[in-house]
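Student: Have a look at this one before I ask anything.
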Amino acid sequence: MLPSLNTPKNNLTTPKRLNKRIITKVPSETPECYTKVTVETPGPSKSASCESKCDELRNLTVAVRIRPMNSRELSVVGSTNIINVHNKKITIQTATVGSSITKLAYVFPYDHVFWSCNSTDVNYSSQEDVFSEIGEPLLETAFQGYNACLFAYGQTGSGKSYSMMGKDSEIVDYNNTVGIIPRFCKRLFDKINEVNSQFTTATVDISYFEIYNEKIHDLLPHSSNNMRIPLKVREHPVWGPYVVNLSTHTVKSYEELKSWLLLGNKNRATAATVMNEKSSRSHSIFSIELSLSDTNTQENLTRRSKVSLVDLAGSERLGSVSNNDDKHKQGIFINKSLLTLGKVISALADHRKGTQFVPYRESVLTWLLRESIGGNSFTSMLATITPAHIHLDETLATLRYACQARSIVNRAHINEDPHDRLIRELRTEVKRLQTLRQRYECDSLSGSDTQIDNSSEYLQELEDLRHKLLEKENELDVAQKNWENRYKEHELQQMEQLAQVEKKKEELESRVRVMSNITDNVNLSPYQTNFLEEVENILTFSPSRKQELIKKFQLWLNKCGCDYEVSLNKCGNYVNIVDSDTLNKATCAINEVENILIQEDVENCLNNLKWSDSSISEVDINSAMNDIYGAAKLLQPHINKDEKLRLVFAKFIKSTQALETALCNSISSNKSKKAVTFRL
Ligand SMILES: Nc1ncnc2c1ncn2[C@@H]1O[C@H](COP(=O)(O)OP(=O)(O)OP(=O)(O)O)[C@@H](O)[C@H]1O
């Protein structure tokens, strides 16, 4: 059942804070048997005074659309149209109550009323009329950087989907009967193309999902299987509630967006057939995120806005759904979102209670639409009704609901970086002061204006103005400089990060290149830290070149009078050097030997060596360990088959690695530099 909203019975009192009392006088020709019922609601307080400099307060804009009677309604005996529309007001004349001849007339004022019953009527509202009245203003606000939301509410079959979407076949050709969503998207791209010429870059991201039985389903999932997985809602500390893992798609044209829209509608329809009447029981939310960057200015100011276009589930009253107890309970569950929406609207509309608790989190729908209803958004509601007398109760409920929603005040602000905002505001202020100063100066020069004299008061005023302008210009200058510094700092950080990434990339590329070239007979120790140097050596030098270098090195050493024996290590990347007198050992990389061109190079190379008196060298350890790892690798496929062996094998590898580290550490602690003096 719908929430019990304050029913406009007799002279109902509604929020006083925002509006004057609207008393509709009963016209003199109205028969006395009609009791006039007046519903008092606030008119839209456009651009109401702002508490915060950057927030704009605005009431929810509420529109009502009346669809034509359908064949079922027309076929009812005595079928009558109970609705009259006059001057943005809807009057409902009820049937005779009981045995008395008293009739009731309910009057509801709205921001817009669309009479769509007969296309031949002069005041008939077409799809385009509806869009231009309630869709177009939201598009404008989205371009200014405000969030916007439009939701359609009404009884099942009252025309919500017709108004919001229209038929898919019509969307394909974009004919006159397409609904608000395709129109909004088409105009969005038309407008982007217009503003693009003014140095603005725009990005459009869309998402489309539905809520059924409190579960969220993505209608545009990356994989069709994902549609079945219900998604969760989380709360971001800054951006508020959002759907986790909801797919978003960046679109560059209306044509591209149209295909996503059609796919989403198809997915919704497919689910509807599977889940029995799902369409009228599910809420669908189509979201557009618009990002506009002003590339004309140095600061590249960016504004972002989110537009939510919502087709709510049909608001069936439970009494009309079923008398069966189980179905009744099911109905309560299905309508939970609408019940909570009613509570939320009631709480927000009731300003008398001040900042009372608003139960947003009682349903997924209200939680997700928190910012749209009573938050940072310009929001419109489209209530749809049928004029048929058989749906009087439903229609009255919808109209009361809509009437109450008019009292909700949203506080919206342009979504931009606070610094961008400061610069924008200062620019506007400077512009205003400049115009003011120019006007004063012109008036003063022409001296024609009798209003202005050259009295000291006037001169003082002009001086104050100049002073204020100078102050604001300085403030703007500082703000822009701060911005520039911040931008430079950020750019520097990015460059550093980029350099690190490049370095990593180079290293990885080198590894990939090396790995793809390494032959099977080259074993690399998993503990080698100078991996690249090691493998570069393997790749750069052919075996014959290495032998050549060893010979050349030996000759240099002999020539310098060093009694050292040199040989290549097993892997072919290091040169083993053994002092023939002491048997101390040292190693150097093969590329160091290649760099030796003159005697001084030999001296440098030998002086950098670390000598070890241990009987084994680091190279010996590496080579021996490589043999162990090689053997282990051969055994691994057999070991992998047995769980116990795998465990033992893992322990073995771990302790082997520990041994390798310990051996290497013990050598390096024994290493010492040795000054080499040549006996020339
Ligand atoms: N303004 C209108 N002009 C002509 N036909 C309309 C209008 N509004 C609705 N209809 C027709 O009424 C029928 C029901 O409309 P629609 O499906 O939009 O209702 P609904 O409120 O979305 O229903 P539900 O809640 O079950 O999804 C459709 O056949 C639609 O074409």
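Glycine too: its Cβ is placed from the backbone N, Cα and C atoms.
Sharing the record's features from TrEMBL:
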type: DOMAIN; residues: 59-408; note: domain 'Kinesin motor'
type: BINDING; residues: GLY154, GLN155, THR156, GLY157, SER158, GLY159, LYS160, SER161; note: ATP binding site
type: COILED; residues: 419-518; note: coiled coil
Student: Look up GLY154 (ATP binding site) in the DSSP assignment and report helix, strand or coil.
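Tutor: The residue in question, GLY154 (ATP binding site), is strand (DSSP, three-state).
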Student: Determine the minimum-neighbour residue: among THR156, SER158, SER161, listed as binding-site residues, which Cβ has the fewest other Cβ atoms within 10 angstroms?
Tutor: THR156
Student: Look up GLY159 (ATP binding site) in the DSSP assignment and report helix, strand or coil.
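Tutor: Reduced to three states, the DSSP call for GLY159 (ATP binding site) is coil.
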Student: GLN155, THR156, SER158, LYS160: which of these binding-site residues put a Cβ within less than 6 Å of any ligand 1 atom?
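Tutor: The qualifying binding-site residues are THR156, SER158, LYS160.
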Student: For the domain 'Kinesin motor' (59-408), what's the mean pLDDT in this predicted model?
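Tutor: For the domain 'Kinesin motor' (59-408), the model's average pLDDT rounds to 83.
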Student: Taking the Cβ of GLN155 (ATP binding site) as the centre, how many other Cβ atoms fall within a 10 Å radius?
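Tutor: That number is 23.
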Student: Go through GLY154, GLY157, GLY159, our binding-site residues, and report the one whose Cβ sees the most other Cβ atoms within 10 Å.
Tutor: GLY154
Student: Across all chains shown, how many C-beta atoms besides its own are within 10 angstroms of the C-beta of LYS160 (ATP binding site)?
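Tutor: There are 28 such Cβ atoms around LYS160 (ATP binding site).
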